[in-house]
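*Asks:* Encoded as structure tokens, here's the structure I'll be asking about.
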Amino acid sequence: MRILQRTRSLIAQECAIFFRFSWRDWSTTLIPGSLLSIAAMRSTTMSLQSAIVHYACAVMWLTLFVYFVDLSNQITGIDEDRVNKPDRPLPSGLVTLEGARMRWTTVLAGFSLIGIFYPVILPETLCWVATVAFLNLTPAGNHWFGKNCIAMTTGTWALLSGCWKIIAPLSATHRSFILTVAVWTGILMPIQDFRDMKGDARVGRRTMQLVYGDITSRRIYACGFVPAAYAVLRVGRLADIAPIPLALAHVYLAYRTMNHDGPRYDHKTYMHFTYLFCAVVASIIVKQH
């Protein structure tokens, strides 16, 4: 009985720690990935029992996907988090650095094993491991173009392609849609750096804001990156579902970027982007019919 209670307590504790490490990223990983996996079930004839098993594996893969990158980023970014996000497990003292490294090793092993067990998603699994290594171990991963336009493009492709292929084969049409979303994400992802300038400056990261200046970067982003991202959706035919609402959402994103009012406001702007990301992923689901 005591063993059972301790096991339950340990599981609850680890779930709470996982939440503290990762909750900020659920709207760009777990939520859209899970929805896309459910949508993929409509493209397969597998039994209900088989679909449930595959979906459970997809959720596990997604969970380890986000946990792996969050552990990696937060282990290497403690100094930055002390400034930008002091509530995170490492700067707050909830988890020791040694404990985070042990979890990182376990998560990487589990994530890799799922990729081996499901060889169809091994390319996506390896791509994500390489992307995280690029972000944390190379100088280019600290530059705004490498960090956002390259890494977030490859990472989004790995996320969406993997969670679909666990459930069903990926058609050429859906492969094109996923690539469109990946490129769109890479173009818009510099928006995440507007809220973190103090911490980025402290660790020597070369974000767009620190390279070109805050005001200039906002103008470049609002007048160049946002229209380019919408054009990608048009070319990729994902804007066909709701062209005017999507255009207005991009205009609103540009407006909020220009109408800066401190880190908290910029964080809300980033969250609006993540909601738009979920909507764009949902357009893949709608385009199935």
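Cβ from N, Cα, C; glycine included.
Given the structure is predicted, the values throughout are model-derived calculations rather than measurements.
Features from TrEMBL:
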type     : residues : note
TRANSMEM : 51-69    : transmembrane segment
TRANSMEM : 111-137  : transmembrane segment
TRANSMEM : 173-191  : transmembrane segment
TRANSMEM : 238-258  : transmembrane segment
TRANSMEM : 270-286  : transmembrane segment
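Tell me what's around each of these sites.
*Replies:* Residues 57, 60-61, 64-65, 68-69, 72-73, 76, 146-147, 150-151, 154-155, 157-159, 161-162, 165-166 of the same chain, all 6+ positions outside the transmembrane segment (111-137), place their C-beta atoms under 8 angstroms from a C-beta of that stretch.
Same-chain neighbours of the transmembrane segment (173-191): 43, 144, 148-150, 152-154, 156-157, 160-161, 164, 207-208, 217, 221, 225-226, 228-229, 232-233, 235-238, 253, 257, 269-270, 273, 277, 280-281, 283-284, 287, counting only residues six or more beyond its ends whose CB sits under 8 Å from a CB of the stretch.
If one looks beyond the transmembrane segment (270-286) by at least 6 residues along the same chain, the residues whose Cβ comes under 8 Å of a Cβ in the stretch are 27-28, 31-32, 35-36, 39, 160, 174, 177-178, 181, 184-185, 188, 191-192, 194-195, 233, 238-239, 241-242, 246, 249-250, 252-253, 256.
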